[in-house]
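Asks: Would you mind keeping the following structure in view while I ask a few things?
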Amino acid sequence: MSELKTISIRGAREHNLKGIDLDLPRNKLIVMTGLSGSGKSSLAFDTIYAEGQRRYVESLSAYARQFLEMMQKPDVDQIDGLSPAISIEQKTTSRNPRSTVGTVTEIYDYLRLLFARVGVPYSPATGLPIESQTVSQMVDRVLEFGEGTRLYMLAPLVRGRKGEYRKELAELMKKGFQRVKVDGQFYEIADVPALDKKYKHDIDVVVDRVVVRPDIGTRLADSIETCLTLADGLAIAEFADRPLPPEETSAGGSANKSLNETHERVLFSEKFACPVSGFTIPEIEPRLFSFNNPFGACTTCDGLGSQQKIDEALIVPEPNRTLRDGAIAPWAKSTSPYYNQTLEALGTVFGFKLGSRWSELSEEAQEAILHGTKDKITFHYQDGARSYNTTKTFEGIVPNLERRWKETDSAWAREEIERYMSAAPCPACAGYRLKPEALAVKIHALHIGEVSEMSIRAARDWFEVLPEHLSTKQNEIAVRILKEIRERLRFLNDVGLEYLSLSRNSGTLSGGESQRIRLASQIGSGLTGVLYVLDEPSIGLHQRDNARLLDTLRHLRDIGNTVIVVEHDEDAILTADYVVDIGPAAGIHGGEVIAEGTPSDIMSNPKSLTGKYLSGELSVAVPGERRKPKKKKEVTVVGARANNLKNVTASIPLGVFTAVTGVSGGGKSTFLIETLYKAAARRVMGARENPAEHDRIDGFEHIDKVIDIDQSPIGRTPRSNPATYTGAFTPIRDWFAGLPEAKARGYQPGRFSFNVKGGRCEACQGDGVIKIEMHFLPDVYVTCDVCHGKRYNRETLDVHFKGKSIADVLDMTVEEGVEFFAAVPAVRDKLVTLNQVGLGYIKIGQQANTLSGGEAQRVKLAKELSKRSTGRTLYILDEPTTGLHFHDVAKLLEVLHELVNQGNSVVVIEHNLEVIKTADWIIDFGPEGGDGGGEVIAQGTPEEVVKEPRSYTGQFLKELLERRPVKKVVAAE
């Protein structure tokens, strides 16, 4: 039977798909595009991937199936030509603090193996290598000293420890030993002077005295074995006739000698041990380098690399406040007089008053309040009618909170104290997560923690030249390991992630970054004959890096895989072998194949909206004139230097639309989100989060609100929906409660809530579905047979408005809801804003966990639009065009520019040139990602930025503005 050339889909009806019939070529790069909500993901993920995965899992045994997530069978008549499917979605890789870029890509596993096999342990005390040897190797080494050499074979019994050691010396005499070397002097055991137990001593047992000759191998082996047994794996050969040079017997001399030693000596160890400090390393195995294994993890932080510590900046968030006005945050809300009376007593000693600002207090006073006093202080307390004095030391706020946090069993109390804590690098391992023994093992002067800290670009360069610094034997052992590491680093580099470090926590990655990491891992696995389904891999990627990403996708195809990509990026669509355009609109108005074929077929199809944008027939317009920033109305960040920012000072003009641009890893998010947003939220909104390191920020007096509209879910449960989030559900319930039928029955608005008892169906508790666990199959959600999925009981559903119950209203699309509630402004106005941001196709009661990141972001935007504008709000959006088609981008820009027209300020982090070209002002970071970035390369209008030769954004923007003549305008003015 010949291999099928196509993936044949018949009757796909999942979600909004309208019985799609489609034949997709196998082993090709296929792009699915179309408006947001048109059904692309329903076809690619919920139909094609789900069926491919389901069939593969179904072919496994029942025992294996219980460990794998089983997909629901999609609503489709037939699919032929499927391969086992792998999906790579936008989800952040892992929130587990133990998951890093290195562990996800398996590079860290190879690093552990490399360090275990070719790493050399070094002594932290001397900086010299530590080696382990067999008895035979030790004998051979002694014989190399030369014939006639006189040696003492010593067993180092005590190394730098206090004590008298009378019992130990008596025990040695019983065993037949006669001489010892104590603190550098030889004695007969019976003549050893009494040792002062207050001082540290060194004691070596003289096991043998030998003169090196070729025939003493057997005697030497016996002596060395005795030494190793006595001294727990250590033996010393000391030259009797070779004193150390005078300069090495002075303080700070040789690393090979202990206190008062005056003769040259060689230490042998059957373990890895330091001759000076006695620092030993257990057997060097890969698990020693794992921070997820007790064998290697730092015992202080359990391998996390950081510890929660009380943060002084959170205890005193506003140093210019007075003590009476609540400068000390943990005490600010208390109504008890105790805290003020405590401060008054401290003030008497350290010279301050309750009316003093924290910043005016002396360092000594601040230290006493935060960390306590050594000397006793008399405190006077008045508690109602009772008055008393007490003399004691003051514990200090920081030690007090730390003690209570450790001692309390109350989750609430711990949470309350954790508000004043932040993560600080572990003091024991300096954030490297590993035990000292693991960090003592080095390759080419670096330990595994230092290699992990490198950026992928730097690590790639380091591993390229590493073989030159290894011995022939080490290279033989490491050749295959190095090949695997270098390949994986190259793949990460190819998908535009060269600025990340291997130690970067997975939970801090953006959706696009984590997706590209998984993509790099897949290329590393080298699978063929697989169906890959990807969701917008270009998210968060600068145009400059797009070509490398597309090369990667083509490589996946060329090794014999079918690659399906849901994508809106113009370059990705034009590079595809086959394009499927889903539409014509979103939601119930979509779900059909509008056009399919090569990119040129799409462009020549008159029905395809995508084709019109690709051909230039439609375009997002450049505004007729740009708003001019007012000189004195701006927020200025001075001296931002967190992560890779190089002491950046930049101003964001207010009352205009600003785009923060630059290559991935250039420092955009650190500057805008970590520094500016967190500082503004703290100052303007009273938030508690700590901003990243900077000197100061000027201009907050011009804004009264700062809002970060991100793509996080609007709710994680099926009970949360667009109506509850935007506040539309409250007036809907109020309206139904005010209807004659509801009044006659005495129903209150709560009756129409599916979250509380009363009006909801109790069989499913207002969920509309009941979960049934199936052990070898996926959990099945069946429609509740009492309310039939309506969520409410029969009595509640008896109340109708225009013939519709509350359940019918929640099942309407936003578009239908606007028409239905045309005469109810309180509801209509909230729904109109959802319609405005292009969400007319979603259902009013659609479960929040079914919304994409882009949809969730636009629901948040709609909520902001529906509020009364003060004209002084700063809106911050991180890549708002994620998941948006060209046409959706045009609509979104209308909304954002409308917010600016109301006097507000909008700042977006964006790579999409269609958005950047409409900005009034651009701040471009770079020039590269990671260590090569962190500077402001250009700032000004788009026309000014294109003139900056170092700006990659400027180069691509110039191309776009020159290349695309606008024939028809669809966008914001």
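Glycine too: its Cβ is placed from the backbone N, Cα and C atoms.
From Swiss-Prot, here are the annotated features:
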BINDING   34-41, 662-669  ATP binding site
DOMAIN    331-609  domain 'ABC transporter 1'
DOMAIN    629-958  domain 'ABC transporter 2'
ZN_FING   761-787  zinc finger
Asks: For K668 (ATP binding site), name the DSSP secondary structure in the helix/strand/coil scheme.
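Replies: Its secondary structure by DSSP: helix.
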Asks: Any idea what DSSP makes of K40 (ATP binding site), helix, strand or coil?
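Replies: For K40 (ATP binding site) - judged by DSSP and reduced to three states - the answer is helix.
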Asks: Tell me, how many other CB atoms lie within 10 A of the CB of G662 (ATP binding site), whichever protein chain they belong to?
Replies: 30
Asks: In which DSSP state, out of helix, strand and coil, do we find G662 (ATP binding site)?
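Replies: It is in a strand.
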